[in-house]
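Visitor: In case it's useful when we look at the structure, here is the feature table from Swiss-Prot:
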type    : residues                               : note
BINDING : G43, E44, S45, G46, S47, G48, K49, S50 : ATP binding site
DOMAIN  : 10-263                                 : domain 'ABC transporter'
Amino acid sequence: MSRQPILDIKGLRTVFRTRAREIVAVNDVDIVVNPGETVALVGESGSGKSVTSLSIMRLLARKVGFIDAGSIILRGKSGQTVDLAAIDEEAMRRIRGNDIGMVFQEPMTSLNPVYTIGDQIGEPLRVHRGTSRREALEAAVELLDRVGIPDARRRAGQYPHELSGGMRQRATIAMALICNPTLLIADEPTTALDVTIQAQILDLMQKLQSESGMGMLFVTHNLGVVAEIAQRVVVMYAGRIVESGPVKEVFRNPRHPYTMGLLRSMPRLGDATEMKRRGEKLNTIPGMVPGLANLPSGCAFAPRCSFAVEACHAAVPPLASVNKHHGSRCIRWQEIAA
């Protein structure tokens, strides 16, 4: 398997235009996804995770959101590379659903209520390959069976409201994978599901990835999911990457106060009972993510950070190299230990 990146993002800057001003939602973002690799994109709500994924798919609201700078290099199934930030909408339509698949958080909003499940899953084959409706339906039934939906042929003839939440999410995964994409973007795909179904969906995605060798960008706020499914993690805050590296290294040895705060905020089995006994509270990060229209000067995390010094408010820190594979956007990263 080639180790040339499937996705190579450099210097991505995404801007939203309002009546008053332009707001930078994603700033100077670099992400690489290799074949067969899962990279997790994590952070609180408002950190820029979903805007990054929508930028890759070129699904930003027209005339409001746009890519202002940077490149998004995709290596498609043909082996050829293309800069998604530079192509027109017609060329992008040929890539969406073909070379890139996407799974959204809420399947009921990504499935059309007036079309059957089978028709929706098979549609990318008809659009991108000119497959007949009958052949596309057969492929949809086969894939529904692969993603673990029982009685797949009958389910293919049903409508989204007739399926459970877990089945609908399996159907959206099937729709994203029907054309065998080289890259799958999963934007909070298990958040709306209960814990048992969530585990099943994660197992399914890992199984399908191992069979196809596709790369996956997994957007989530759940660090427990990251530990289970990803090899590398990218932590975002207020539109910028603040830490990135191998999951095991970042989780064992975080070098940014925000990452450390996220890890300490994770509840663990038995924590609630023990903490209640001792009269303690769950760890939280003080304050809120700042609005992108009113970012503080310097490091955006500084107002919430217990490590902050005067220099933190003066300028945005560069992404420093902790080692060859691990980076931190903190001027005091050498003093930080979990």
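Each residue, glycine too, has its Cβ placed from N, Cα and C.
Note that the structure is predicted; figures quoted are calculated from it, not measured.
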Visitor: Across the domain 'ABC transporter' (10-263), what does the mean pLDDT come to, as a whole number?
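Guide: Here the predicted model's pLDDT, averaged over the domain 'ABC transporter' (10-263), is 93.
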Visitor: List nothing but the one residue from G43, G46, G48 whose Cβ has the fewest other Cβ atoms within 10 Å; the candidates are the binding-site residues.
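Guide: Checked G43, G46, G48; of these binding-site residues, fewest Cβ neighbours within 10 Å: G46.
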Visitor: Could you tally the C-beta atoms, other than its own, that fall within 10 angstroms of the C-beta of E44 (ATP binding site)?
Guide: 17
Visitor: Can you check which residues sit near S50 (ATP binding site), meaning Cβ under 8 Å from its Cβ, same chain, 6 or more apart in sequence, and list them in order?
Guide: D187, E188, V219
Visitor: List the residues of the same chain that sit at least 6 positions away from K49 (ATP binding site) in sequence and have their Cβ under 8 Å from its Cβ, in sequence order, or write 'none'.
Guide: L41, V42, G43, D187, V219, T220, H221, M236
Visitor: Do you know which of the binding-site residues S45, S47 has the most other C-beta atoms within 10 angstroms of its C-beta?
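Guide: For the binding-site residues S45, S47, the Cβ with the most other Cβ atoms within 10 Å is S47.
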Visitor: For G46 (ATP binding site), which of the three DSSP-derived states applies: helix, strand, or coil?
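Guide: It is coil.
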